[in-house]
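What Swiss-Prot records for this protein:
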- 60, 62, 208, 296: Zn(2+) binding site (BINDING)
- 89, 181, 211, 296: substrate binding site (BINDING)
C-alpha cells in the first residue's frame, strides 16, 4: 500500500520547516519528502491549499468518558469525581466502555489525533475499538486500592489480565501501559509493585501527580512530603514514567523530574475548567523536562480536540505570566507532536523520511486560516479540529476528505446516545 500526498504545505523535520512538497508513503513509513515526486502510488491525495502536519499525540486522556460529557460541569475536582463521575462509572459495563471508546476514537480521528495515552478500565475492550478505528493507543488500566491490601492484589491481578489480553492482540498499534491512578488513591505497596512489574515487562507507567492543592495537602499530611518526593523516595520515577498534570510542583519537585527524565503531560483545558491551577511550564522547560500535551477526559474539557488544546496552552501561560513570549507557537506545537512521541518511545511526531506515516492534513482554504503567513501560528492560534480533512495512521487512511473510512459514524453516535441514557 502506497500513498502520495501532492502539493501540500508540509511541516518537515524536527525544526518544523514549512516546505511546498509531496510526501510519499510506502507501507507504514514516510519514504520521501520532496517536490514533484512522480512515482506511482495506490492512492494520490491532492493537498493543494492544505497543510500536511504530523498527527497529534494526546498524552493524557480517558477516551471512553465522552459518555459522561456534560453530565457534571462547573464543580471542584473532588466534588465532580465523588458525587457525579465515580457513581456513574460504577454503572459502566465492559460493553458500555467499548461504546465510549468508539466515540472517543471517532472524535480523535476527526480532529487529527493519531496516537493517545489512555487511562480507564476494561482496557481490553478499548483496545478492540482502537484496532477497529485504526488509531495508535497506549492503554492503561487505572488502578485504585485506597490502601486496602485485598484491593491491592485485586487491582494488580486485573492490570496483568488486561496486559495479557492486549498483548494477545499482537498489534504494533496497541500497547499496554501501567496506570496507578495517583499517589492519593494508591498505596505505597501498589506503587512499588507497579514499578517492579513495569521494569520486568518493559512497559511505560502513567500516573496523575500534583493535580490540585487538595492532593498536595493530603499527601503532605499523610507522608510529610510532596507527591513527587514521595515517588522519588520509593524508587518509582524513571524515564519510562509519564505524569499527568504536574500543576503544583516546587523547585525541588522539578529538579527530581528532570533528573529522572520523567515526562509531564500538560492538560491546560482540564486544569482551567476544574480550576486546579497552572502548571509551571517555563520552569519545567528550563530544567529540561519533556512536556507533552493532553486533553484529559472529555467530561472535564469537554472535548478531545488537540488543536484547541494547543491554543489553550499557549494563551494560559502568557496571561498567567503576563509575558506574551512564553509558550510560543512552535514550543506548543512540539508538545502536541514530537514531545509526545518521545515520551511514548514512538518513531512518529515528525514528518521526515523513515518516520511512521502518522499524518493529519488540514484544510487551509478557510477564511480563518488565510492568508497563510505562518502555518504553525495558524495551527496553534486559528485552527480547530473541524479543519482536519484527512487522517492517516501507520500508512492507512482513517479519514479522507472529511469522511471517516474505518468506523460507521452514525452507528457510533447512536450507540453512545443509548448508553448515555442508561447512565443518567
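Including glycine, each Cβ sits where the backbone N, Cα and C put it.
Recorded features from Swiss-Prot, shown on the structure.
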residue: 60; record: Zn(2+) binding site; Cβ contacts under 8 Å, 6 or more apart: 117, 119, 206, 242, 244, 245, 265, 267, 292, 294, 295, 296
residue: 62; record: Zn(2+) binding site; Cβ contacts under 8 Å, 6 or more apart: 118, 119, 120, 142, 296, 297, 299
residue: 89; record: substrate binding site; Cβ contacts under 8 Å, 6 or more apart: 68
residue: 181; record: substrate binding site; Cβ contacts under 8 Å, 6 or more apart: 119, 142, 143, 144, 207, 208
residue: 211; record: substrate binding site; Cβ contacts under 8 Å, 6 or more apart: 77, 182, 244, 245, 247, 248, 271, 276
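DSSP classifies residue 89 (substrate binding site) as helix under the three-state reduction. Neighbour count (other Cβ atoms within 10 Å of the Cβ, all protein chains): 26 for residue 208 (Zn(2+) binding site). According to DSSP, residue 62 (Zn(2+) binding site) is assigned to coil rather than to any helix or strand. Sitting within 8 Å of the Cβ centre of 60, 62, 208, 296, and not among those site residues for Zn(2+), are the Cβ atoms of 61, 119, 244, 245, 265, 267, 270, 294, 297. Mapped onto three states, the DSSP output places residue 181 (substrate binding site) in coil. The number of other CB atoms found within 10 A of the CB of residue 296 (Zn(2+) binding site), across every protein chain shown, is 29.
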